[in-house]
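Student: Below are the features listed in Swiss-Prot for this protein:
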- 21: N-palmitoyl cysteine (LIPID)
- 21: S-diacylglycerol cysteine (LIPID)
- 27-63: region 'Disordered' (REGION)
- 43-58: compositional bias 'Low complexity' (COMPBIAS)
């Protein structure tokens, strides 16, 4: 492999890896026609937006009433601080922390630290062990390390415009775009409202706060379980989602606090930013 070919390969892998990392830390994503979520590597993930025909009938009764109160309260809060850990089989494990808002599309900033997996090893080879992700209503930005920047004309940021992601082949990009634009704490509640066997587990103490624990399972080819812990204001304190991927078990645990916190997310300097479509196109030139 020539030096130029190697450079092109590394850049292409890095662009896909950054997409996988940012998508993973926001939770299970959009689906293809079979109700599976697909990533840059083609691995199926439990879907938060499976076709309506594959879902169980909407939950009714006292449990549904309680969960809809949580959905409304969390949605109205508009923003929160987030801490999460995600493991996607042998492919990727990471930690994320920051603040996200959802009043007008997903906005905010997360610091993502790679803790293991083949994707993390790819990023480490590029001199990147952590990444800053900035979410804006029309796009998100991933900050790479200096070694990556040296390969792409000194630019550190990769820009992913959601409309451009939707144009990617195979439906995977549309799933990513939908996931990142619609990821909010109350999405986990919406999943429970369509679950087959929702149950109120009981009262528990979560990070020093009294909470009510709810649990449910979504069926289909890739079974997915969701657990949430809700405080006395009907706000999520903790969420755990579990499922399977082609590379192994998927588990995400997220904690939410400081609802209503002010969220800032600025666009990186244009001179320090490369569009992902341009990067991928240049690799084939």
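Don't overthink the numbers, they just go from 1 along the chain as shown.
Positions of Cβ are set from backbone N, Cα and C atoms, glycine also.
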Student: Translate the DSSP assignment of residue 21 (N-palmitoyl cysteine) into the three-state scheme.
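Tutor: Once the DSSP labels are grouped into three classes, residue 21 (N-palmitoyl cysteine) ends up as helix.
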Student: Hey, what's the Cβ neighbour count for residue 21 (N-palmitoyl cysteine) at 10 Å?
Tutor: 27
